[in-house]
Structure formats: structure tokens, C-alpha cells
Amino acid sequence: MINDRALAYSIAELVCIAFLTLLLSSSKKIKRYTLQQQWFNATLTCQILYLAGDSINTLFLNQIIPVSRILTNFMSIYLTLAMNALSFVTFMYVASKMELPLIHDRKKVRLIALPPVALSFFDMLVALAAPQIVFPNSGNQNFTDFFSLVFLAMPTIYTVTVLILTFSQAFINRHKRISRYYLALTVYPLLMTTCGVIEVMLSQRVAIYAYSVTFYFAFAYFYQLNYAIKDATIDSLTGLRNRENFKEYLDSIWRAEAGSQYYLFMIDMNGLKSVNDVYGHVEGDKAIKAIGKAMDEVLEVGNEGLVCRYGGDEFIAIIKVDSDQEAAKLVQLTRERIAHYAQEEYLQSTPQIAAGYIHMPREKQPLEKLLKQADSKMYAEKQSMKTGDRAANFFTDEITGLPNANYFHNFAGKYLKKLSKEGKQASIVLFNVAGMHAFNDQFGYKKGDELLRKVSQILHENFHESEDVLLRYTEDNFLLVTTRPIKPLLARIKKVAGDVSQAESVGLKAGIYQLDKGQIDVIAAVDLAKRAMQSIGKSRQQIYAIYGPEVQAIYDRQDFVLLNFKKALQDGEISAYFQPVIRSLTGQVHSFEALARWEDPERGLIPPDQFISTLERARLIQLLDLAIFEQACQLQDRLKQAGLPIPVISVNLSPVDLQSRGIVDEVEKIRQKYDIPAKYLKIEVLESIIKEAPDQLNAVIAAFHQAGYEVWMDDFGSGYSSLNNLKDFDFDLMKIDMEFLKGFTENSQSKIIISEIVDMAKRLGIATLCEGIENQQQADFLQEIGCQFQQGYLFGKSLTPEQLENFLTENLDQLEKIDLDDYYNQIDQVNVLTNPIHKQADQKQSLGENTDVPIAVLELAADGQFTYLYFNHALKRLILSGNQEKVTDMESGFNAFLLQLMRRCQGQTDPVSAEFTFANAIYTIRMRWLAKQKKNAFIFSAAKHGE
Ligand code: C2E
Ligand code: CA
Ligand code: CA
């Protein structure tokens, strides 16, 4: 009967033990964040150990398991020790719950532990020396008085102490809510003692103690851990500790003055947002988990310290580490483990982290300050990686905040796969900010960054539908992956380009590649979009190009050029043609421009714009340019030998050629070989050189000048250089881009723009040549505003050397004589636009006719005959308002008057003036002598008297 009851008692205890062990193991899984929980676990452990002992002891005492007396005695000693330990940890547990300061003080803790330890030793000593005092002799008496005294001493002392502490705290704080907390804390020791006593009184018939303790722990675990600990201290996603714990842990380090043994690590996941956006939050969570796992494994396991998730994608850890090297190694290792876990978890891609660490100071410092330091280290790492480090794998562009190329290369493949699985057709659009370089040069990189931000903002505003992925691909390239149908896409691109050029002084170009279904090679796709973009070239009107056969043809041609250029040059398939340049003043041919022509036996004539840029990119252009230069010299030499005058020839040199000063020597070698004076040769360089190689430009120009060449700026206005930076470079002439003449009509804006350019150039002492003249109105207008030279199909297309030779033989008088060059140039320096160029109000009318100051240039021969070299509309109106039929009517009185004036000022530097009456109005005529060759040139203007 007794045995049965004892067995039941013992089994009940074992069941409680099983349950408590379960609690303990799960409580341990949650890491020991706080002292409270540490002591909780310790108490739980001791409780289990005690109950186990008690259970076995019951079985022994009641001979359910028959054992020797010695073992029974040993068990009762064990129970005393367990009870002592239990009392101590219980006290500590309650003390830590009460947050008594002593729990942080090791010395004090040891002091508290001293009595139970001492008592236990004493008990064991006595048991060894005088067992009869400790153990009962007869079987029916379970405990001696001594035994009971020692057994109950510690629990009683601690319980009383705890009760005093808790009750007093409850009393002190009786008006605060916290007092209830203290009262609740008394439950545990009270429960233990009361139930212990009841149990003894019932002579251990029911395991009340075991039940109540188990109940308490279960309650405490679920209540307090779930609320107080779990939520407050654990990050549910990673199982790592959170901020609160971190602060606490840090405090304990400061208290121990052990700061300097630790390193503070800061680790940040790159592009979590993008991962969430592209793959969804499950993937993002997995990534975070993988990082957490890796950090826990690498940093916390085996090291002293703590890892915590600080915020969304931020982790911090404080770890005992010896040196910077070791810290760096840990970071490296963490990266490796992240990769491992990413693979294990089937993540779409390896999460990338930025990491920074600092050696902690010895003295306490605010956490914010430390975090800031670690953060700036982390940022520095990001920065250094950006410039080509092995792990340059950050997903966000720092300037615009858009995802970057790394991001693209990591995710695009999968994204495209996903779209293709859903049966959607994707397009890749590569945007280029045209004029970005020039902008940076002019305004600096800071402004350049602002510009990029602005552009990215406009792009973002227009492309943020759920399937649009927009990113900054390279320096001035943005990239868009989209599923929009092509028509609305094109419309949107147009709008965006408009918005950009309205907001900033740059343009936006787009190359589009539409992916085939199922095609997911992203690199190739971007390449084709890029090809499309590049096919736009320098055109100012074209905004986008879609990749297709035409674009591909360009690339095939490039391949052809690269493969065949050298051979074609050797075989004489590439030759120079010559297009005449006319002097506006005389209508004579001033010079010829050498233009390259490639005549392929199979492909026929290949125009230069189909091979020049390819040769430039391949750095082969100098071969071509020097060959053309040589052909020009050869032609001049041949004409000289044939007794013909040498025509002036201008030769195009690529900006690429001018990037080295050696080009001057190369050119000189050829010229000297044919012994052609440098004044017969002009150098043309594209305006784009100003942004491509501005540094040595002036030096190269100076070297050419030194050698006697003029240097002409080609295609002025085609790029993004302005009239403003023209004055920084010493060009002799500028060729105004033929784009300005496109859409030239009587009333067009081009007139105003061209006038402005000519006016400005004259003020700067630079001659002007307008290209692309195709009709007489254009020629007349340019003549009127004083643009010195003209070139275009109106005067002739380019001629073969033979055609040029024939032309010269047949029309010798049409070629300007070289010795008149200076003379005409002097005359041409006159700026007929200096007096108010045009009336603003009349801009819509023909500009030439609105230059309201009558001006003319006269040329006087030795025999007293004179001709009008130039006159403007204002003068024509004035003269025709008199009774003259024609401006050049020599019989008129006005002509005699002019002749008189010319005689007066010839050879003088000062102007002369006199009055003349036109149709009853008196005019003051001012005249100035300009130049003399065989003939003399004069300019005069007329002003109404009194005006
Ligand atoms: P560019 O130097 O501006 O040459 C003028 C281009 O305009 C020539 O085209 C010429 O044939 C064309 N053109 C002349 N008058 C008219 C006109 O009234 N209307 C129209 N629509 N076009 C006219 P081309 O020969 O095809 O040359 C194109 C460009 O190729 C040249 O532009 C020049 O930049 C480059 N280039 C030509 N030859 C060489 C060379 O030997 N070396 C280098 N580096 N570039 C060259
Ligand atoms: Ca040219
Ligand atoms: Ca040109």
C-alpha cells in the first residue's frame, strides 16, 4: 500500500520532470538574451535535478528499487545539495526579475552563493565523519533532525529573504503599478515553500510540490517568455536577438570594462527592396534569414558575443575578436556562409551584404556614435568596391537611387524568364543622356550628378508600372525592362525625351530591343539595344531606334570596314574627292574640301559616314586621314607640274588624330615630301573635339599655326558646344553645320541663328563658312549677312581629281588667286551686322532685308571704274528710292559722289563723310578705305540726316 503510493508519487514526479525538461529545452532554443532568462533556465535545471533526485530517492527509500543503505544515504546527500543549489538559483532568478543591481556584480553573486556551497560541504564532511548524525539508522525513520535542519536551512533563508525583498519592494512601490509585479514575484518562493510544507505534512502521499512547481514554470515560460522575452527580445524571422538585447549586452560589456576586447560589426543587405519587388517578400525574408543564419554561425558560435537584427535589412554584432585581420576574416566567412545558405534555401540569387566593423573603445560611448562609425566604415567599403573591387556587387546606384547594373545582371535573367513564362513580351530600352560629357565638363560633376538625378526622376515618373524595371546601367545610360506594347512605349519615350530636353540642356536617346519569346540572354539583349541606340548616331531629330535589320546592317558594315579597310587603302579603293568652297563676296572658288570616298568593287560606293566612326573607334582613322591628306598634296603637286594654279585644299582630321601632337609632324612630313606651301592646305577638325580632347587642343592648334596651316572648326553647332567656348580656342574659321539650313525658308528661325553666329564669329575674328547650300535664297542670304564662304550642292558636289583638273583648265578665272586671299580676307572682316542686326519686331520678315543701315563695299580699279562687291537690301532700297534704275548705274550723280569720296580716303585709316540727297532727304555717307591689292576696296554706310 505504502509502496504503491510511493510509486505513484515517484511516477508523478517523473512526469513533471519530463514536462519541465521539455520546457527547458525549448527555453534554451531561445537564446539566453537576458540574465533573467539565464536564471530562469538555471532554476528550471536545478528544479529538474532536484525532482529527479527526489523521485529516485523515493523509490530507494521505499525499497521499490531495492538498493543498499549507502546508496540511499548518498541520494539524500544529493538531495540536500540540489536543494541548496535550487535555493540559490531561485533567489537569483527572482533577484534578476526584480532587476536588483547585485545580479550584475559577480562578486556579490559569489558571496550569495557562498552559504549554500559551504553548507553543502559541511553536510558532506559530517556525513563522511559521522554518518550516524546525518542518516537515520532504522528504516522507518526517514530523516534525522540534523539532516532536516541542513536540508531546510537554505530554502528557508532564501525564501524569507526573497519574501522580504519582494514585499518591501511591493510596499515601497505600492502606489505604482509595478508593485503588483513584485507581489506576483512572491508567488514562486511562496508556492515552493508552502507546497513543500504541505507535502511533508501529508507525508509525501501526493506530489504537490512537483505539480505546483511544474505549473509555475509552465505558466512563467508561456506567459513571461512569450510576452516579456520573445516579443521584446527576439527577432521572429531570424531568431536573432533584437535591438533591446543588444543595448543590454553592450551595457554589460561596459560594466565589465571589456569594451576593447570587442569589435562592433555592422552588416547591411543590399537591395532588399529590389529583391522584394522582383521576387516577392518570401524571397526577401529568405535572404534575410540566410544572412542571419550565417552571421549567427560565423560570428556568434565559438566566439563570445552577440548577433542581432537591428532593423529591416540591418544586422549588428558585438564579438570578441583579436585583430582587424580576424574581423575581416569573419566578414569574409560570413559572406561565404551566406552564399551557402542561399543555395541551401534555393534562393534566386545570393544576397549581397555591405559590412563594416570597428574596434570598440575601452570607455563607454553612446551606441549611436559607435553605430555611426561602423556605418561609415561600411559605406567606405561600398565605395571602394564600387571602383572595381572583386565584390563590386551592390544593387543600388548611389547617385540616383535606382538599381544598378549589378542588380540587372543578377536579376534580369530570372525576371525575363518569369515574364516569358507568363507569355509576355519584354522590351529592353537603353537610354543615353546625350551631351552628358559636355555638361560635366562645363558645369562639373556635382551638377552632373544632379542632372542624372533629374533625368532618373523623369524616367521614374514615366516608367513605374509594376512590370517596368528601371535602372542606371552605366555612367550616362539608363536601362528599362518593360512589357509595354511598342506603340505606347514609343509615345512614352518621345514624351520623356521631350521632358528631359525641356528641363535640362541635354538630350535623351533610346535604343530599343524587343525580345523574342523565350529569349532570356540579357547581355546579348542589352547589346542589341545598345546597337540600336548607337545607330542613331549624331542625329539631333531622331530620338529612338528599334533594333532590326537596318541596325544590324550597320553592324555588318562595321565588320566589313574593319576587315577590309587596310586592304582597300592599299588597293587604291579609297580616294579623295574635292568639293568646292565659294567666297560669297566674289562668287569665286576659294578652295576645295577633300572628302574620302571608298569604292568597293562589290558593294559600290561607300559614303564616309559609314566608315569614319568605325575607323575612329578602331583607332585606324589616322591612316585614312593621312592618306587623304597625301592624295590632296599629290593632286596639288600634279597641277603645279601641269602649270596650273595650285588650289587650296582643306583636309578633315578626326578628333582622334588630334589627341596626339604627333599628328602635326605626320602631316608636315607629307607636305614637305610634295613641297606644297602650308598656306595651300587647311585643317578641318570637328567641333566635337572641344568636348572630346579640349586639353591639348590649343597646343595642337598652335603647332599647326606654327607650321603655317589654318585650322578650321567643322560642323559648328552640331554638338553641344556653344558660341561661348569658341573664344577659348584659336580657330581661324568655322564651318557652320548644314543642319542650320535644314528647313530654311524666308521667315525661318535659321536666319536669326545663322546671323547671330556670323556676327559673333566676326566679333571674335573668326571667319565663317556655311555648309550645305542648296539653293539661291540661301546663298543670297549668307552673302547679305557677310558670311564669307559657302559650300554646297548649289555650287557643286565633290569632284574626282580628274574632274577637278578639267574644271580648273576650263574655268581658270573662277579660282580665286592665292595672292588675293589676304585682300579679300581684310574686306571680309567687316561686320555688316554690327549696326543693329535686325529689328526685333520684324524678325518674321526676311532678315537680310531688315538690316536697316545701308551698307556697301566698293572695289575701285586703277582706271577709275568701280564695282559693288557687296551691298545690302537697305542700301538697295535707299538708292532705288532716288531715281536710279539700278544700284550699279554708273551714270548717276551718286556714283560720281562716291568716286570723289573714295579718292579722299584712299590710303587713309580714318573714315571720311559727306552729305548726299536722296529723294529730298539728306543722308550722311561715311566711307572707309579697307584694303588694297591691285584694286582698292572701300566700305560706306548711309544715315539719314538728324537720325
Ligand atoms: P563634312 O566634313 O561636314 O563634309 C561635308 C559633307 O556634306 C560631305 O559628305 C559632303 O558631300 C556633304 N555635302 C556637301 N554639300 C552638301 C549639300 O549641299 N547638301 C548636302 N545634303 N550635303 C552636302 P560626305 O562626303 O559624305 O562626308 C561626310 C562626313 O565624313 C564629312 O562631313 C566628314 O566629317 C567625314 N569625312 C569625309 N572625309 C573624311 C576624311 O578624309 N577624314 C575624316 N576624318 N573625315 C572625313
Ligand atoms: Ca569637313
Ligand atoms: Ca562639315
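Positions of Cβ are set from backbone N, Cα and C atoms, glycine also.
A Cβ distance under 8 Å defines the sequence-distant neighbours of the transmembrane segment (6-27), meaning residues of its chain 6+ beyond its ends; these are 37, 40-41, 44-45, 47-48, 51-52, 54-56, 58-59, 61-62, 64, 204-207, 210-211, 213-214, 217-218, 221, 225. The transmembrane segment annotation in TrEMBL covers 6-27 (among others).
What TrEMBL records for 39-65 (among others) is transmembrane segment. Same-chain neighbours of the transmembrane segment (39-65): 2-3, 6-7, 9-10, 13-14, 16-17, 20-21, 23-24, 27-28, 32, 71-72, 75-76, 78-79, 82-83, 85-86, 89-90, 92-93, 95-96, 103, 142, 204, 210, 213, 217, 220-221, 224-225, counting only residues six or more beyond its ends whose CB sits under 8 Å from a CB of the stretch.
Annotation source TrEMBL lists transmembrane segment at 77-95 (among others).
The transmembrane segment annotation in TrEMBL covers 111-134 (among others). For the transmembrane segment (111-134), the residues of the chain that approach it from at least six positions outside its boundaries are 73, 76-77, 80-81, 84-85, 87-88, 91-92, 102, 144, 146-147, 150, 153-154, 157, judged by C-beta separation under 8 angstroms.
Summarising the annotation, TrEMBL assigns transmembrane segment to 146-168 (among others). Residues 76, 79-80, 83-84, 86-88, 90-91, 94-95, 98, 100, 115-116, 119, 122-123, 126, 133-136, 182-183, 185-186, 189-190, 192-193, 196 of the same chain sit 6 or more residues outside the transmembrane segment (146-168) yet have a Cβ under 8 Å from a Cβ within it.
Summarising the annotation, TrEMBL assigns transmembrane segment to 180-200 (among others).
According to TrEMBL, the feature transmembrane segment maps to 206-223 (among others).
Feature annotation from TrEMBL assigns domain 'GGDEF' to 260-397 (among others). Taken through DSSP, the domain 'GGDEF' (260-397) splits into 71 helix, 30 strand, 37 coil.
Feature annotation from TrEMBL assigns domain 'GGDEF' to 424-546 (among others). The helix, strand and coil residue counts that DSSP assigns across the domain 'GGDEF' (424-546) are 58 helix, 31 strand, 34 coil.
Taken from TrEMBL, the feature domain 'EAL' covers 558-812.
Same-chain residues lying 6 or more positions outside the transmembrane segment (180-200) and placing a CB less than 8 Å from one of its CB atoms are 90, 93-94, 97-98, 155-156, 158-159, 162-163, 166-167, 169-170, 173, 206-209, 211-213, 216, 220.
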